[in-house]
Structures are given as C-alpha cells and as structure tokens.
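What TrEMBL says about this protein:
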type: TRANSMEM; residues: A:7-26; note: transmembrane segment
type: TRANSMEM; residues: A:38-59; note: transmembrane segment
type: TRANSMEM; residues: A:80-100; note: transmembrane segment
type: TRANSMEM; residues: A:106-127; note: transmembrane segment
type: TRANSMEM; residues: A:139-159; note: transmembrane segment
type: TRANSMEM; residues: A:165-185; note: transmembrane segment
type: TRANSMEM; residues: A:239-261; note: transmembrane segment
type: TRANSMEM; residues: A:267-289; note: transmembrane segment
C-alpha cells in the first residue's frame with residue numbers, strides 16, 4: 001500500500017496526543033504545575049495537527065463534515081465522531097487545569113475512554129479491511145493502542161521531568177509490551193499465506209497456474225500507485241532496525257537514564273530526547289505498516 | 001446510508017462475462033470510457049494524455065493471463081498453456097465492503113436492483129472504498145477528487161429514450177463477440193441466470209466473502225496440440241481424393 005505522508009503523520013501524532021490525553025485523564029500530572037498545563041496544550045496540539053494532516057489526502061476536503069454521518073457502518077466515520085467528541089472532555093480538563101489548577105476525575109475518566117476508543121477506531125479502519133491480510137487481525141488495534149499508551153507515558157515522564165517514578169515505569173512497561181505485540185504482529189504478517197491468489201482472483205486455477213501475460217494498461221494507474229507500492233519493501237529490513245532503535249532502544253535508554261539520575265534538568269532533557277526518538281521510530285513503523293502491506297488486487301497485476 | 005439495504009428486492013442486475021470467447025480487443029474499455037465520461041457524474045479524466053507519463057480513470061479494464069497446466073511448460077506434453085483475456089469491472093457485490101466502509105454515505109447499494117453507485121456530491125475522495133475492494137473496481141479520478149466506478153450504465157438500462165437494444169451497458173452493447181451479457185441474475189429464468197447454470201459460472205475471489213453479482217463463465221476445454229498432431233501430415237495421405245486430384249494422384253503414382 002502507498003504510505004501517504006498525511007496518514008502517517010496523522011496516525012503518529014494523534015496516537016501520541018491521545019496517549020498523553022489518557023495519562024492526563026488518569027491524573028498522573030499535578031494540575032497546578034506549569035508543565036501539566038503545557039502537557040494539556042501539547043496533547044491538544046498533537047491531536048489537532050494530526051487531524052488536520054489527515055484532511056490533506058482527501059480529494060474534496062470541503063465536504064469532510066459528511067464523514068461524521070455513517071458511524072453505524074464505517075470505522076472511519078466512527079473515528080471522526082469519536083475524535084471530535086473527545087475534544088470536549090479534553091478541552092474542558094485542559095481549561096480546568098490551566099485556569100483553576102484542578103483535575104476533575106469524571107472528566108478525566110471520560111477523556112481516557114474517548115481517547116482509547118478513538119485510537120481503537122483509527123486502528124479498526126485498517127484492521128477491518130479483509131483485502132489486506134497483514135492488517136486483518138485483532139493484533140492491529142492492540143499494537144496501535146499499546147504504541148499510543150507507551151508514547152503517552154513517555155511523554156508524561158518528560159513533562160514530569162524525571163519526578164514521576166510510576167509514569168516512567170509504566171512507560172517502560174508499555175514500550176516493551178508494544179514491542180512484543182508488534183513483533184508477534186510482524187511475524188504473522190511475514191509468514192502468513194495470502195488468502196487470495198492469482199488463481200482465485202481469476203477463477204482459472206482449475207486449468208493451471210495463472211500468470212499475468214499482458215497488463216490492462218502500459219503505465220501506472222490509480223490502483224498500481226495506491227496498492228502496488230514497493231519502494232520501502234526493498235529497505236524493509238533496515239527500516240525495521242531503524243524503527244526498533246528509535247522507537248524502543250533509545251526511549252528505554254532515556255527512561256533508564258532518567259531513573260538513574262532521578263530528576264532534574266538532565267533527566268528531563270534525556271526524556272525529551274527519548275520522546276523525539278520514539279516519535280521518529282513510530283513514524284518509520286507506520287511507514288512500514290503501509291509500505292509492507294500487500295493488497296489482494298495485486299493478484300491481477 | 002452506507003449500511004447495506006435491508007429490504008432488498010430479488011432483482012440483481014449484473015453482468016455475465018464469457019472468458020471462452022473474449023478476444024481481448026479492449027472495445028468495451030473504450031466504449032465504457034466514451035459513454036461514462038459524458039454520462040453519470042464527473043468526466044473520466046486523463047492525466048498527461050499526450051505526455052510521457054499517461055494515466056487515466058477507467059471503469060473497465062482487460063487483463064490478459066497465461067494459464068499453464070501442470071506439465072504444460074513443455075509444448076504439447078501434458079496440456080497446453082493458454083492465454084485468457086479477462087475483462088474486469090465492478091461486480092456489484094451483495095456484501096459490498098466498499099459500501100460499508102464509506103464514511104460519508106456517498107457509496108451505496110440500491111435496494112431496487114442491487115447496483116452499487118457513488119453519489120459524487122457526497123464523496124470526499126478518501127479512497128478507503130478502493131482499499132476495501134479486492135477487485136480493483138474503483139479508481140479515484142485525480143481531476144475531480146472523487147471515486148469513480150462502474151454504474152452498470154444505470155443511465156442507459158432504464159433510459160426509455162434509447163431503443164430497446166441499446167438499453168444495456170455500453171460494454172455489453174459494443175462487444176463484437178458477445179462475451180459480455182447483461183441481465184437479472186436474481187431471476188432464475190433469465191437468460192443470464194440460465195447461462196451461469198449451464199456453463200458453470202463462478203465468482204471471483206469467493207474467499208473474500210463479498211458475494212459478487214457478476215459471474216464469469218470458464219473457458220471451454222480445448223483440443224490439445226498433441227491430439228491434433230496426427231491430422232497435420234494430411235499432405236501424405238490422398239485417400240478420399242476425387243475428380244481431377246484423384247486422376248492426378250493415380251497418374252503420378254504410375255510414373
């Protein structure tokens with residue numbers, strides 16, 4: 001599948017933003033601190049930038065409001081509805097924290113629920129597609145949720161500046177859980193046999209082996225551009241190592257360093273660098289998520 | 001509504017495509033583009049039509065496949081490889097995943113005849129329906145930013161200003177070898193339904209569980225090259241020659 005930058009930016013940034021919103025909603029950060037107020041603004045900014053980026057790949061973005069109408073059947077529509085609905089408790093919580101130094105438990109709980117459901121809906125857009133075997137598994141939403149939570153706790157640790165032992169330990173736990181889940185996901189993706197083949201696609205398997213003799217068009221078309229992307233597959237192994245180093249190794253080193261130092265500007269700088277590395281790692285992971293995915297329609301090409 | 005219609009009529013309009021007779025001439029591709037670029041919805045645009053990097057939106061495409069039976073890699077040994085021309089357009093699936101993924105309600109399946117259409121005024125061009133389709137039946141129009149797909153020529157089949165013989169999809173009307181047939185596959189007595197039963201028509205990718213309406217008829221078995229080999233040295237055999245050739249044969253034999 002073609003890895004559109006707008007969608008990669010969207011899933012990476014909004015995933016981080018919702019993860020941070022979950023940690024804020026759980027009340028890990030003291031609302032009277034300046035850093036907590038900044039954390040709220042960061043969460044809102046990440047989600048907003050992500051959602052705005054997601055509009056960039058649309059052919060007719062001026063009608064986007066219509067995408068909120070089909071929540072009964074469409075995961076994309078559900079995601080849009082949940083994303084907007086989650087803004088309400090999150091913005092209210094942010095307002096309370098910024099102007100009244102308060103954290104409301106009920107609002108926080110609603111924020112946590114909304115953020116997790118939104119990330120789940122995002123992941124189900126991909127997991128619900130039977131045409132892409134590697135995505136069509138319950139492991140896909142699990143990966144998205146764990147990456148989001150890992151990012152959220154990591155981010156929160158950075159805002160806590162090395163003074164949040166629980167957040168740091170949870171960040172460590174979720175990064176490792178996300179890694180294990182993603183490895184299981186990738187192992188499945190690389191070893192599974194595709195459910196559709198050129199033989200089932202043409203129905204000619206009863207005669208013998210099917211091979212494309214002549215394409216329907218001499219050059220590219222929308223389908224081959226969108227579903228037949230192969231550039232990153234060439235470097236998939238290297239990119240996977242880069243995603244592993246940036247998304248797992250460096251954040252864990254940053255967390256361990258912060259735990260060892262135990263607070264202060266040095267710990268905070270280490271954690272901020274850890275967050276940046278993590279975001280880059282997730283960006284590469286998302287790139288591979290799309291670029292490595294094989295679509296059933298390519299059985300015709 | 002992008003939920004699939006609950007109260008469907010029995011009517012299922014669709015195509016039956018005969019892989020035995022299609023010669024791969026692409027006439028249906030061109031007539032489809034010609035009719036639909038000026039018909040339903042926005043035009044089917046081309047990008048760089050006279051440049052080096054030509055591409056464009058089509059609702060119907062012809063692939064050509066080589067099918068090789070086990071052992072058929074060596075000519076005439078265990079069956080022969082053959083080329084099958086393969087027209088492909090929207091199959092108007094009963095469980096159309098392209099419809100249910102649509103976030104805006106632009107993509108829908110008609111309750112009255114099962115045709116799957118896109119309301120282009122509602123389409124935001126997100127492309128998710130094309131991702132959900134295993135058959136590559138949907139192509140985004142780059143100029144209009146909306147998704148295009150086969151309409152089963154809904155603006156022809158019910159069009160009473162056209163002559164009766166023209167009230168079929170453009171591809172069906174134009175096919176010079178009658179490889180494409182149009183009709184109601186929900187009616188077991190229709191020509192197309194009978195054809196499917198008699199010829200063993202099949203679904204494409206049944207494992208995707210989309211229950212396509214369009215059916216494909218398999219290529220008929222062919223006489224193998226090795227079976228027809230003894231007929232070839234006819235020149236050596238003058239048995240059955242009559243008239244002038246019989247006289248010539250006898251005379252030349254005597255010399």
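Quick reminder: no glycine exception, Cβ is built from N, Cα and C everywhere.
With respect to Cβ pairs under 8 Å, the transmembrane segment (A:239-261) is most closely packed against A:267-289, considering the stretches A:38-59, A:80-100, A:106-127, A:165-185, A:267-289. Below 8 A, the CB atoms of the transmembrane segment (A:267-289) and the transmembrane segment (A:80-100) form no more than two pairs separated by six or more positions in the chain, fewer than 3 in all. Within the chain, the transmembrane segment (A:165-185) has long-range Cβ neighbours (under 8 A, six or more residues past its boundaries) at 23, 28, 137, 139-140, 142-143, 146-147, 149-150, 153-154, 156-157, 244, 247-248, 251-252, 255-256, 258-259, 278, 285. Remote same-chain residues near the transmembrane segment (A:38-59) are listed as 4-7, 9-18, 20-21, 24, 29, 83, 86-87, 90-91, 93-94, 97-98, 155-156, 159 (criterion: CB distance under 8 Å, separation of at least six residues from the stretch ends).
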